[in-house]
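Enquirer: Take this structure, written in C-alpha cells, and hold onto it; I'll ask about it next.
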Amino acid sequence: MFIGIVSLFPEMFRAITDYGVTGRAVKNGLLNIQSWSPRDFTHDRHRTVDDRPYGGGPGMLMMVQPLRDAIHAAKAAAGEGAKVIYLSPQGRKLDQAGVSELATNQKLILVCGRYEGVDERVIQTEIDEEWSIGDYVLSGGELPAMTLIDSVARFIPGVLGHEASAIEDSFADGLLDCPHYTRPEVLEGMEVPPVLLSGNHAEIRRWRLKQSLGRTWLRRPELLENLALTEEQARLLAEFKTEHAQQQHKHDGMA
C-alpha cells in the first residue's frame, strides 16, 4: 500500500515509519510511506508557505501554490488512482467502518493542514475527501494522519502477526472488545475466569461474545442501536444484563 504525506513536519511521521506494527510493515515492504513538504516547493528565500486571510481575522492560512505543487508531486509518485484526503475538523468522522472503507484503496495521499487551515481553493480542486478524528482542535493534521495510517495499516495482509487480530479488534464487528487475560493465573486475589482455562473453545467463544456485548452495553450503548443483533447475541446480552444486575445487587447489599 502506498501512502503519500504532504506536511510541513514530515519528520513527525518517524513515529509511524520507525516503530511498532507500522514500522515493521514499512520494513517488510508492505507499506510504502513517502512525504513531501510544501516548503520544498516555494520560490522565495524565506520559503514562505502561509499568508494572511482575506477579510481579516486571526492566524494565517497555508498558501495555494506550495501546497498544491506538493500535492501534485505526491500524485505523480503515486500514479493513477490515488485518493487525496485532507485531515480536517469539517470532515467525516473516522470510525472502524470508515477505516475499513479507506483500506480498500491501494494509494492514499494525506494532506496535513497547519495554522488556521488551507485556502479553500485547494480543497475544491485537489481534495477528494475530508476526514476528521474527532470534534476537538489540534495544531495540525499530522496526528490525525498518523491515526489514520495506523488504523488502515492493520487491514493490510501480513501486517499483523495474527490475521484474526484485525477481525477481533474493538469495533471490528461494531462492538467493544472483550476482556483479555495472561499469566499469572491469580493476581492479588483476582483470578482469570475459569472458562478461559477450560479448553472448551465453544464456551470460550460464547463467553467472549457475551462480554463484548455487555461491555458495549455498559460503556457505549449507542453502538448497539445501529446493530441488528442475532438471536444468540440478544440472548447473551440478556444473560449479561441479568448477571450484572445480580452483581450490583450483591455489591449494594455489602455496602
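Cβ coordinates come from backbone N, Cα and C, glycine included.
Checked Swiss-Prot, it gives:
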{"type": "BINDING", "residues": "Gly113, Ile133, Gly134, Asp135, Tyr136, Val137, Leu138", "note": "S-adenosyl-L-methionine binding site"}
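Mind mapping these onto the model and telling me what they sit next to?
Expert: DSSP gives Ile133 (S-adenosyl-L-methionine binding site) a coil state; it is part of no helix or strand.
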Enquirer: Within 10 Å of its Cβ, which one of these binding-site residues (Gly113, Gly134) has the largest number of other Cβ atoms?
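Expert: Its Cβ has the most other Cβ atoms within 10 Å: Gly113.
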Enquirer: Which three-state DSSP class does Leu138 (S-adenosyl-L-methionine binding site) fall into?
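Expert: Assignment for Leu138 (S-adenosyl-L-methionine binding site) reads coil.
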Enquirer: Among all protein chains shown, how many Cβ atoms are found within 10 Å of the Cβ of Ile133 (S-adenosyl-L-methionine binding site), not counting that one?
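Expert: Total other Cβ atoms inside 10 Å, all chains included: 20.
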